[in-house]
Amino acid sequence: MNEFRVRSISLQQVQNQTRHKTEGLSSTTVVLRRGQAFTVAINYDGRPFDPLKEKMIFSITLGPLIVDVPVSRLGQPSLTQWTAIVERNVTGPTAPRALSVSLSSPASASIGVYTLQLRVETRLGVKTHSVGQFTLLCNPWSQADSVYLQSEDLRTEYVKSDNGVLFIGSAGNVFARPWSFDQYEKGILDICMKLLQLSPQYRADMRKDLQKCSNPVYIGRVISAMVNSNDDKGVLMGNWSGHYSDGVNPSMWTGSADILKKWAETQFRPVKYGQCWVFAAVMCTVMRALGIPTRVITNFNSAHDTNNNMVIEEYYDENGRKLSIGNDSIWNFHVWVESWMKRPDLGKGYDGWQVLDATPQERSGGTFRCGPASVKAVYQRKVEAKYDVPFVYAEVNADVHLMVVRDKKVLSKKIDKHRVGALILTKLPGSMRRQDVTSEYKNEWGYSPSRTSNSAGGGMPFRASSAAGDDERSLRCAVADTGAREASKGVTVSLKLLNPPVVGENISFNVVITNNEAAPKQLKKHVNAQNKEYNRNPTGTFWEAHDDVKIGPNETVTAKHEITFKEYMLKEAADVFLVNLAVVIEDVKSQEKVLASEEFNICNPTLNVQIQNESSVIIYAPQVATVTFVNPFNTAVSGELTISGSGLLEEKAKMKVTVQPRETMKKPIDFTPRMAGSKMLSANLVLTNPPTILHGFTAINVQRS
């Protein structure tokens, strides 16, 4: 009989990717998960394979790393080394002769793009056959993998899901912003792998870097640095200036694919621009694509402690104007990710969720990155644990020292131990609702509506000897008493919002002053409002009112104020519109000054997205969605409407729209689902006048036919 001769070899892409739960991931290679067998099909001529007469050896190459794996007829797959075992040998006289070989990678194999060859050694010589390339990812389905996650529902949410919401705004008024993670979009996985290959670590020592890419702790640290562009050829450039004319306003992004593709298409030049939620969302995409369970986290009232003293200092002048002194700040919200992995480097008890932050705030080991910091280590204040636990601990636990100053002298000081880390949220698995994870970070106190989320820490008297009031409530997008009030021996002052602050409408509020003494008083009232970026102190005052108040014994006086839309309208569109409002009451006779202050965000109008037959959306069956918008403004508005949906629309639908005052816009959108499972159709309307960004979305469960 003729000698054994290999005719063709197949990596069985569809079969293997289905078994490895990588179907849908787009790559020029076959996509596999480590610690799991995959099948290689060999068609041959001549007699059947006989290991006594010839040797078949698979050569597996990752950069300079090469492993030779001989094919054996008997044996079991190993979780600690590469193995190749004959599964099936078809030797019929008429059917094509076929051999199936089961190749298994160790559960600790490095992730990366591998090249596979088959070498056949016979008495006549050696012949090498090219099999192809495969991308090897982490495997949260394998108990032996350090990213193993037990629950199938959680694996679906934190690895397979390609859409979700990011929570922004303030603790008292949380806004869910839709985001498309896009890991199944064409070319995205290959771009994510390129992220690893362009890292400084890879370029400095490829062999060492590839060996370390077996460890998700190392991978997370590399990706955290590569998502920002501060030290390397990273993806995103940060910009918090409010000026984005040479790039994209961070609030305009709706998904990760546009950003990652732009980075790749421009020869890996940084994409302009990102802010914290964009950095986090892109990192979530990359980590999920690599097979590492990841979720997006929002910390409301997040401290940026630049001098590592666990204290944030804030300063006010005597008129209640917040001053930009020092480098510390409290971000109204800050967004990072958590990734699920074992931490053998920390000893027992620190496995599970790890904080990773790609926003370039401070250097870690000389590079702008953060983490992985074990959430359990943060909770226990184990500040010596790698990596960056003190910084993350301060973000959720720092004390706030509020000081009133005159000519660089501190007139009064108050310590607030509760404001930072007021509320920590992520998306609830299987839902677009929020999940409160504050108690996973903090063992003392989480957010409650009776507590403040403001920058001034509630009312504070200017005299250190005056009593400080503690009845504090958040202003939010609903009629609410801010409770930002201060009581002293003589006077109590508070702010009360009269209607929900919505972009396009006036902001109406009352200043309520109570004379606690049995004698009349002559008072001066100073009210001011400042625009505020979410990550720093307020800018200049855009509205103020000053007047005299006469108040009788034990009397309460209410003064109503209105700030018109024209007075507060932003020049640049933004997702979150924050205002710092303060009132100072001065007793003319005693010179005592009492401050009440609060920060709140103004809601944008929303878009409504509805599906015609929501309960019967079937893969490959055409569907119709309707986007509805009611113009709340007194003038006509115009802008661009964009509808997107990964797995639902081949390309984004874009159209120019003009809507008359109080008119209702309804736009039908045709789409055909290409993927089954939980999907999201989102709409984004960018208005030019007034500059406003409106969002809307609906979750869709696409059923198999």
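Each residue, glycine too, has its Cβ placed from N, Cα and C.
The Cβ neighbour count for Cys276 (active site), using a 10 Å radius over every protein chain in view, is 27. Residues or ranges marked as active site by TrEMBL: Cys276 (among others).
The active site annotation in TrEMBL covers His334 (among others). Long-range Cβ contacts of His334 (active site) within its own chain (separation 6+, distance under 8 Å): Cys276, Thr298, Asn299, Ser302, His304, Thr359, Glu395, Asn535.
Residues within less than 8 Å, Cβ to Cβ, of Asp357 (active site) and separated from it by at least 6 positions along the same chain comprise Ser224, Phe279, Ala280, Trp336, Val337, Arg369, Cys370, Gly371, Val392. For Asp357 (among others), the entry in TrEMBL reads active site.
Among the features that TrEMBL reports, domain 'Transglutaminase-like' is placed at 268-360.
Summarising the annotation, TrEMBL assigns region 'Disordered' to 448-467.
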| request: Write out how many residues of the domain 'Transglutaminase-like' (268-360) are helix, how many strand and how many coil, based on DSSP. | output: 17 helix, 42 strand, 34 coil
